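Noted in TrEMBL for the protein shown:
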BINDING   ARG109, ASN294, ARG392  substrate binding site
BINDING   CYS451  heme binding site
TRANSMEM  6-23  transmembrane segment
TRANSMEM  283-307  transmembrane segment
Amino acid sequence: MGSLLQILLALFISVIGALYLLGSFRRRRAGEPPLDKGPIPWFGHVLEFRKDTAKFLQRMKEKHGDIFTVQLGGFYFHFITDPLSFGSVVKEARTKLDFTKFAEQLVARVFGYNSMEIEHKVLQASSTKHLMGDGLVVMTQAMMSNLQNLMLHSVGSGDDKQWQETGLFTYSYNIVFRAGYLALFGNESVKSTGTLDKAKEIDRQHSDELFKEFRKYDQLFPNLAYGVLGPSEKMEAERLKRLFWSTLSVQKMRSRDNISGWVSDQQQVRDEQGMQEYMQDRFMFLLLWASQGNTGPAAFWLLLYLMKHPDAMNAVKKEVEEILRETGQEVKRGGPLIDLTRDMLLKTPILDSAVEETLRLTAAPVLTRAVLQDLTISMASGQEYKIRKGDRVAVFPYIAVQVDPEVYPDPYTFKYDRFLTPDGSKKTDFYKGGKKLKYYNMPWGAGTTMCPGRFFATNELKQFLFLMLSYFDFELKNPNEEIPGIDIRRWGFGSMQPTKDIQFRYRLRF
Ligand code: HEM
């Protein structure tokens, strides 16, 4: 009898201990946000969150309001849904809210890369130098010549110009990925091929093969990031990782021409820091992922929205034609290729607004920070909330602001001039509850982790569109086909992708 009692007692203590570890005893303390632990111990709401992040957070917002705490896979996440209060997350000192821990774990799992101490500083320095300001002059040229190599080589001109039919998503993603990759990671060496034409041909083949493999990884990515791949998918992800490490290896890079300063500077610092070469190879894959996973899908949405809104298409077309006229360039059969500089791309407020509107509707990152010490979050309403060390603080701007009907009337409709003032300059005043918003559109994130490639990415989108409009006639195969829905498995990772492709055709204009 005594030993049975002992066994029962031990069992009871283990169950209580397990429940404690699973977070079942956490209670909302005075001054903390509303707590919603979810149906399953430790996992909390993770199933619903993963199934459709936007829908889940919308439901929680309606239930709890501007701030709430949910349990997700063992962590307590405090979501802030009031955009007027975003500053308290974005501007909080790194000693209290840190992004590195979270990012380091993710890149270790997804890319097999072990971060170094000065990771973020190096990224910032090389991005400021090469992807912004004057650095963009060189990058714009590189992008331009690679776009032209890929877009113009195989389409017939003159009498044999034929309509080419393909999926718009596949086409846009393919071209923008490949041109961006070649602009950043360099071209085939002319010394080894003998002629520039041959080098360009190899660039076209090699980048196309790389894109096909990248798409396989891209499709596995959401489950890989959540760590829920099945066994065969795991093997495929492993194969792809190795393929990218080898294709982008530092050794192979050494023999390429025109490698961007953004890639070469970062590699050089790692070398100087004594990072082993195999780890540098892994870093190259991380750079490829960060730089090429978002812009192609965004290019698709931009082109599609313009095709579905003829008034928007006409306004953008007029702006593009005006810029070419101003710079004395005419697109004609047998004429020189157009030269589109960084400075020309600074004079496109209508296109800028169309790009911003596209991103508002289709870029949906979750910004997450780890809480390093107990802290207090001050909301715009004046209310203060206590947050515990070890938790996470997160913001999902898509639901919180980007599709809020109070900020953007008719929020799911594409309006190309939403970000234009009546006098044609950039509109930046958007309001909620009568107060002006500082954070009204956040496709690039915000604060220290704000996308360092955003100026280059915007340029890529504009260059792609400029070339499409200047060189091609294009139309949807079925102009009445509806805009496809958003693939909800990718909420939280940046640019969204469509649930299906949509057919279009294009041909040279001359
Ligand atoms: C439409 C295209 C793009 C979108 C929507 C986008 C969006 C984002 C977002 C949301 C983040 C995370 C921000 C955060 O966690 O706070 C990010 C990070 C990053 N992006 Fe982009 N991005 C795009 C294109 C690019 C391009 C073209 C490059 C490089 C050439 C780039 C390089 C990076 C890098 C290196 C990071 C990591 C930053 C860090 O850890 O501090 N992105 N991007």
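Positions of Cβ are set from backbone N, Cα and C atoms, glycine also.
Overlay of TrEMBL annotations on the structure.
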residue : record                 : DSSP (3 states)
ARG109  : substrate binding site : helix
ASN294  : substrate binding site : coil
ARG392  : substrate binding site : strand
CYS451  : heme binding site      : coil
Name the one residue among ARG109, ASN294, ARG392 whose Cα is closest in three-dimensional space to that of CYS451 (heme binding site); these are the binding-site residues.
ASN294
Longest CA-CA distance among ARG109, ASN294, ARG392, per record bound to substrate, angstrom:
25
Can you give me the same-chain residues 6 or more apart in sequence from ARG109 (substrate binding site) with a CB-CB distance under 8 Å?
LEU224, ALA225, GLY227
Among all protein chains shown, how many Cβ atoms are found within 10 Å of the Cβ of ASN294 (substrate binding site), not counting that one?
26
All-chain count of other Cβ atoms within 10 Å of CYS451 (heme binding site):
19
Proximal but sequence-remote residues of the same chain as ARG392 (substrate binding site) (Cβ under 8 Å, at least 6 apart):
PHE75, TYR76, PHE77, HIS78, PHE102, THR368, ARG369, ALA370, VAL371
